[in-house]
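Peer 1: Sharing a structure here in structure tokens format.
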Amino acid sequence: MPRTEMVRFVRLPVVLLAMAACLASVALGSLHVEESLEMRFAAFKKKYGKVYKDAKEEAFRFRAFEENMEQAKIQAAANPYATFGVTPFSDMTREEFRARYRNGASYFAAAQKRLRKTVNVTTGRAPAAVDWREKGAVTPVKVQGQCGSCWAFSTIGNIEGQWQVAGNPLVSLSEQMLVSCDTIDSGCNGGLMDNAFNWIVNSNGGNVFTEASYPYVSGNGEQPQCQMNGHEIGAAITDHVDLPQDEDAIAAYLAENGPLAIAVDAESFMDYNGGILTSCTSKQLDHGVLLVGYNDNSNPPYWIIKNSWSNMWGEDGYIRIEKGTNQCLMNQAVSSAVVGGPTPPPPPPPPPSATFTQDFCEGKGCTKGCSHATFPTGECVQTTGVGSVIATCGASNLTQIIYPLSRSCSGPSVPITVPLDKCIPILIGSVEYHCSTNPPTKAARLVPHQ
């Protein structure tokens, strides 16, 4: 064989071997990436205690995890000052996450259409950095769970801070009070911070119960019936204010007055691990959070936000977003409760056994043809019509939440307040109410106040 032919014959296997080695390297690299993703999924399941009912569901959750890791890469590319990756929500589809944790869009959209009368704020004197956590005005991060109650956590977080800034001890207050009892909002199906402030002032005398006496139990998505009695009052508010849609004004008000309730577009929050968001999705408000501080000394400057997704998400439950560029639409719906000066908490409400008596009379002066019946407070009482009532005794008034279409205190309701120990004319006679500790009258029905 000629020498040149022999050289060609020798070179050919060498080339083939090199190509085979290259292909093997690519295959091994691909396998390594796949194994890495599977290892991350296994670590995710272990960290968050994830257990799936069968192999089909596990495969579905793995695909969701894979998609979320790809989304995390996209977010990281758009936000060079932040990191994204595995979070407690990494096995959820984007649609599931939106429905469970970002379900307030309709409430916030309606609120944006209303005419807001904002408070006047003097700008230009705010310090370069504020963090109300360092001043003892922020309770530990809480967990809303599988309930669309972010609005309640935002409202209560604001009141906790305002109460402390007014000179009172910091106390953890009850989100469950709002989720179960606020008749303006929709519990786990969404709500609005301004609505919650209004309900507290107009229907609950401005009082807010403590977390210890009325703990949060709606993390599983269930919404227990309202129970107004037997709870300790931990704080009280007199009003609320809306702030201008201006970040300088928001910073000035926060620096002087404490944490603020705000709404944001939380689409970019799902895969967030830490750092400062500078390219936050800003399409529509859908989530309520608490603004607790800012830092203008940083580059970029940032806001500090407390979330209600546990301390296993984000920066121990917090997120930072760039200040001055309306990231996540953060300046669109900012509000705060108003608290008076430092005062001791109001006295506790009557004990669970408290009752009230209705004197129903045929005449208009509460003197002729009268009958008397005693009913429990804080419990569902059926009326002589088709409705039902939950009543609460106050110092001088009786508050009734009337459910005109339900015999089980559910559905649409109307709150009213009537004076105690005073004759009140109604369409079919007159009534008078008295708070007492007498035992309830058996099988009695309340004559509805008309």
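Quick reminder: no glycine exception, Cβ is built from N, Cα and C everywhere.
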Peer 1: Candidates are C150, C181, C188. Which one does Swiss-Prot pair with C147 through a disulfide bond?
Peer 2: C188
Peer 1: Within 10 Å of C188 (disulfide bond) by C-alpha distance: pick out those among the active-site residues C150, H287, N307, and say none if nothing qualifies.
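Peer 2: Correct set: C150.
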Peer 1: Please tell me which one of the active-site residues listed here (C150, H287, N307) sits closest to N397 (N-linked glycosylation site), measuring Cα to Cα?
Peer 2: C150
Peer 1: Below 8 Å Cβ to Cβ and six or more residues apart, same chain only. Which residues does that give for C147 (disulfide bond)?
Peer 2: V179, G187, C188, S218, G219, N220, G221, Q223
Peer 1: Counting other Cβ atoms within 10 Å of each residue's Cβ, which of the recorded positions C150, C188 comes out lowest?
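Peer 2: Lowest Cβ count within 10 Å among the recorded positions (C150, C188) is C188.
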